[in-house]
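Quick look at what TrEMBL annotates:
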TRANSMEM  B:102-122  transmembrane segment
TRANSMEM  B:142-163  transmembrane segment
TRANSMEM  B:225-245  transmembrane segment
TRANSMEM  B:251-276  transmembrane segment
TRANSMEM  B:296-315  transmembrane segment
TRANSMEM  B:321-341  transmembrane segment
Amino acid sequence: MAEPSELLTAGADVLVAGGGNAALCAAINAARAGARVLVVEAAPKFYRGGNTRHTRNLRCAHDEGNEVLTGPYPEEEFWDDLMRVTGGETDEELARFTIAQSKELWDYMNEQGVRFQPSLGGTLSLGRTNAFFLGGGRAMINALYRTAEALGVRVVYEAEVVDVEIEDGFFLSATVSHGGTRHRIAAKALVAAAGGFEANIEWLTEAWGPEAKNFLIRGTPYNRGSMLRLLLDRGVRPIGDPKQCHAVAIDARAPKFDGGISTRLDCVVFGIVVNRAAERFYDEGEDFWPKRYAIWGRLVAAQPEQIAYAIIDRTSIDKFMPSVFPPIEAASIEELAGRLELDPAALRHTVESFNAAVRPGSFDPAALDDCRTEGLAPEKTHWARPIAEPPFYAYPLRPGITFTYLGVRVNRRAQIVMDDGKPSANMFAAGEIMAGNVLGKGYLAGIGMTIGAVFGRIAGREAGHHVRN
Amino acid sequence: MFATEDHAEADRLMRICNACRYCEGLCAVFPAMELRRTFLDGDLNYLANLCHQCGACYFDCQYAPPHEFAVNVPQTLSKVRAGSYRAYVWPQAFAPMFEKNGLAVALAAALGVAAFLFGFMAWSDPGVMFSAQHGEGAFYRIMPHAAMAWLFGLAFLYAIVALTMGFRAFWKDIGASGEAVGGGSLWQAVKDAGRLRYLDGGGVGCMNEDERPTDRRRHYHHATFYGFLLCFASTCSATLAHYLFGWEAPYAWYSVPVVLGFVGGCGLVVGPLGLFAAKTRRDPAMADTGRYGMDVAFLAMLFLLGVTGLLLLLLRATPAMGTLLAVHLGVVFAFFLTMPYGKFVHGLYRFGALVRHAMERRAGHSVGEAAG
């Protein structure tokens, strides 16, 4: 095994910036096309893969079910789902293309050694549309690395692209920083697959204001968007809302970075959520949690100090997926308020008014039931039951940032489009760095992996072809 | 509140795993965990014995060290498992046997061999002991059959009693006693254990040295386990031959006891060697170094059973037979006596855990929908 510095000085035909699903699909396909490929991943080996290491499934269209996918998921249905979550904020040509290409992903991923399993406990609703990775995202990315390395792809970790040289839309070289040394790498093609800027607090602050310092980042601290920044600064056309990010409500006690899936909380729909003033601020029972969790990050971000508290009682404690941090427990609402450092009288008032407004109904967590409040602002429209049976429990909530939408414009050959509208001949992009082309808003479980794999494969193939010609 | 620090750590991990669940397709541990929200000592001992130590969840885990959650399920469950052997041992006074198990087993083996050597020399005619013996009853000219049968019968009986008592304590502690064990669950567990279904990292092989899966450990375990069973079958068939048909050992090369014993003995030589080699190459991050002695002692004992048995078979017509018989019987005797106090119990508790898991699956339930 050559030293990283040797690999960096040896040069390559195709330079892949990034180390996740999109980057590795690109590296594998470029290598299969005959190119010498060098992958530079900013993270250390353990943290390789960016958000891929926290994913769990891949959404793909298919005409028939198989040993894992429980039934057909036609392209048209995938398109309808995408339209529903994006509200039309998508490039229809690229989106339909992505969906059509997604049909190949099941076979492709299996060929690369990725293994699948039936949908995980508690996620049956995704069993038809999404193929779950056996062992999760890190297992999946490990498989891609094994395949890539067997094909001769060379990988350097802790190597960050700090500069790119572009002339008239043509990539000339990249400067990669590794172990305090800068290496200029003059490759024949560049694949930018280095994700978004969700871990870059300064950048988030630019977009969100000072509240961003209270955000928790669900992925690694290495998703800093430096590749994205370089490209945008060097005349690449942007896409996607620079001020938006996918923000969900997660346990406020989660680590600042890389808490991933286990810090999620599914208890909101079963109780009430209050802010520092001990006041409710949104309908907790608006819809099923999987359909609403992604708006709660934003809701909590808008509250004072970007924190909120989900409050339930004994009757609901076993109704949701267990979470990684134990609930804060108390025998009375006042005691609970004390533990949360909220005004006890205010919390008691909120809970009592809520309890008084609850109408009788038959509770059913599996349906949009008729348990609701009347005369409250805001109302709770489903699953409203009095919070009256001790012990009482609270979970603190903070916004957890999953990914950002800002990216680079690409065409269906994954070529990066320059400010003048012309595609670059030898710069390609794949994954979260260009996901905004397809997913302009909202989120659909597993679609990040779809976009990454579809465009990663194309970017690798196109880069490989470019090198050969 | 937990029996040991290892249990507290296992509880911490299971809470993280239960909130993540990415590994639920890898083996039985995670689906079993998902049936619980809180974990008592008995639950953790159950999960620990269900774990086959394939290592896949360590390499697949996004929360493994150096992540601050430091999730290392194989290592932690290995420690809990070793602790459970001590906790259920009968009689309890012998629990310290697990502390320096390698030494204890080695001493038992040495003493066993020495006792038979000196015993033979003291009781039998040196002319018989150190000369070639041929024909029916050759072995029994050195040690009378009745003495052999009584001695080993008692040692074996003791082992069975001690193992049964330990298993009862385990079965009770994991909350299974009082429940009816269905034939279906039992058969499922036999199949799962017989195939080592959960030592395959969810389908590709276990991860031992690094994240590249291999089936080597499974194959060597099969060689060991089935080799052991064949040797046991060989002994049983010889006993039948002796008492039913009055045929006295040594038996012909083509006889059932010899063929079974030969094939089984080869398994007991190859299997433990392969498992030991795999152990030396194991990623130290996953290993529970505190139980190294116990694991190696068990492998060494099995290896010695195989080697001494094969040597006795090969050289039974030479003057070395008497000495080899003493050595082999000494090893077998020590093996019987230390069975309840060493790694042997892993098979028993794991089988129990597999039965329990099959029972739970049949009665199973699941929890609600979750968001990503």
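All positions are counted from 1 along the displayed chain.
The backbone N, Cα and C atoms fix where each Cβ goes, and this holds for glycine too.
All annotation found in TrEMBL is predicted automatically rather than curated by experts.
Below 8 A, the CB atoms of the transmembrane segment (B:225-245) and the transmembrane segment (B:102-122) form no more than two pairs separated by six or more positions in the chain, fewer than 3 in all. By the Cβ criterion (distance under 8 Å, sequence gap of 6 or more), the transmembrane segment (B:142-163) is not counted as touching the transmembrane segment (B:296-315), fewer than 3 such pairs being found. The recorded stretches the transmembrane segment (B:321-341) and the transmembrane segment (B:251-276) do not share 3+ CB pairs below 8 A when only pairs 6 or more apart in sequence are counted, and are therefore not in contact.
Among residues of the same chain six or more beyond the transmembrane segment (B:102-122), those with a C-beta under 8 A of the stretch's C-beta atoms are 129, 142-143, 292-294, 296-298, 300-301, 304, 322-323, 325-327, 329-335, 337-338, 341-342.
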